[in-house]
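**Q** Sequence annotations record features per position, and here TrEMBL assigns domain 'ABC transmembrane type-1' to A:71-282. Under the heading transmembrane segment, TrEMBL lists A:12-39, A:75-96, A:108-129, A:135-151, A:158-179, A:202-226, A:261-281.
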């Protein structure tokens, strides 16, 4: 065995475990979903699936009104959670970007929601937002009428938004802190000598320099926002009247609760195409021509 | 070199762990559900039994029954698993779709989809004609799928109206026997901000009210499960009456008034609900949670259905026991089923849980002297069972949405019915 081949084999052996996992748990299921979208059948008897061609896709478009509300809900989540979450994450990152003992404490505090499980966080928030829960009790003390978080389509979506932002936003804070701390000190020193204000420093120096990190954050959160499922399952169950159901939750309902695996797979494929399109547009819009 | 060796060993341990985690075998080498022990040679055979709970003491009651069974059948060991109702369908579907279903399982209306997909053992060789004659024809028809019987009837549950005797006495109200009387009584019982005339108007009762007006759940005289029969003048009449109890007359709490069903139950225990539409088995829960509640029961007040048999329609269901087709111990599983469904043993579960036996002769000496159950017994004889449907889970979800949209005033009862029918038939 020559040295080059040996070196290549060693290199590939390092990525082999990941490749195996990716093939078994990502690529293979992806191919199976594509295949299932052309079949009809039940989860109970996967050996007797019936080939139906494009029937599942036709069904989705013919009964679009049954599925469109999940689509609109997902758009709502994206429009509300992405900007609010990203602005929160950026603000926090800018506030604690310098290394110090106090900021280390804040970093720990901001990191804590990430390590709490979604189930625990959801149960806590469900208790807080309950009609007879502590939040409405507090509001009543100030004479503010109670909020029916789970009986109103908009409020239930906002409840899910609060949970997602609380649980997820600070994750991006750490991505932005890492990017901010990588900016060479010379730039900031030079700016100081030039007498820039704090706002000019943020707007003209810091943000452009971490644009790639922001692009990563926005694209990642967009993909995650269209996939949200667990927070909805725990907090609202998709209700009221499926008013907080996301596309991912709809796919779960159609596939597992209604036992229509072919239809669920077709919805998944259409959903994938949609997310790819959105991500592509975002990358086109945010990609900077200038490299710093 | 040592470092490399250490890393290699760590990799091996991790990979082995992942592979071991993927296996469904238990520590003893047997599969964790349908057991693969040996039936012959005097060895003890382990069978698994899954059931979702109907009472708080479910585990204790079954533990007593299983102990007695094991004493009488020393070669069979039964492992009981209480499976929660939450996520029931997915858990059982996953278990039966895989290779590890329970040997014996308790199944309600959902049994059809498991039977139709070949997941349940045909009980033909075990369930003799002589035994079948002990059950009514309607029960046997209900359990027959494509000409075969896959489950053994175990319990029968119906619904009644439970009422708070103290509130009835205070308001001097007679037991209502018609829809008009029900509304009048409910108006008298509804007081102030938090006392309601009626409670318990859930998804199952929604279908019952439409039935009381003369509507069938399914089309074609209730036989064609591919279409719904509720989009009829009778169905609209029944659903409108039910909706107006909440939205127009406000004698029943709005859909958001209680956050959880348990809160509504508690309101009945606390005397904040005068009449509570409930399944008979709810009396078992009252015994545990509100033993001093002064309550009685009456059968559903009559609706305007032309068919007198339908006027007092109430939700009724048969719970049955099935053997998995994949079970390697069908004989032992059948021995267990026969034991627990025999009248003397079934009573050990049925009485604390507030159920009846689907075998009429077994009910004769049950609940002697119990005024509430005496009333409930009347409903057992004329119970109307829904036609078995393998899309039952989907149907319930659609009816739930239909009820919610009308109760919230988002749709008129008629539009809500039409949309429900459309969604059901779009499958």
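Glycine too: its Cβ is placed from the backbone N, Cα and C atoms.
Unlike curated records, TrEMBL annotations are generated automatically.
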**Q** Which range wins on Cβ pairs under 8 Å with the transmembrane segment (A:158-179): A:12-39, A:108-129, A:202-226, A:261-281?
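**A** Per the Cβ under 8 Å count, A:108-129.
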**Q** Sequence-remote contacts (6 or more beyond its ends) of the transmembrane segment (A:202-226), Cβ cut-off under 8 Å?
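**A** Long-range Cβ neighbours of the transmembrane segment (A:202-226): 74, 77-78, 81-82, 85-86, 89-90, 94, 164, 168, 172, 175-176, 178-180, 183, 187-188, 191, 196, 246-248, 271, 274-275, 278-279, 282-283, 286-288, 290, 292.
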**Q** What else in the chain is close to the transmembrane segment (A:261-281), if you only count residues 6 or more beyond its ends and a Cβ gap under 8 Å?
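**A** Cβ under 8 Å, 6 or more out: 33-43, 49, 52, 55-57, 59-60, 67, 78, 219, 222-223, 226, 247-248, 250-252, 254-255.
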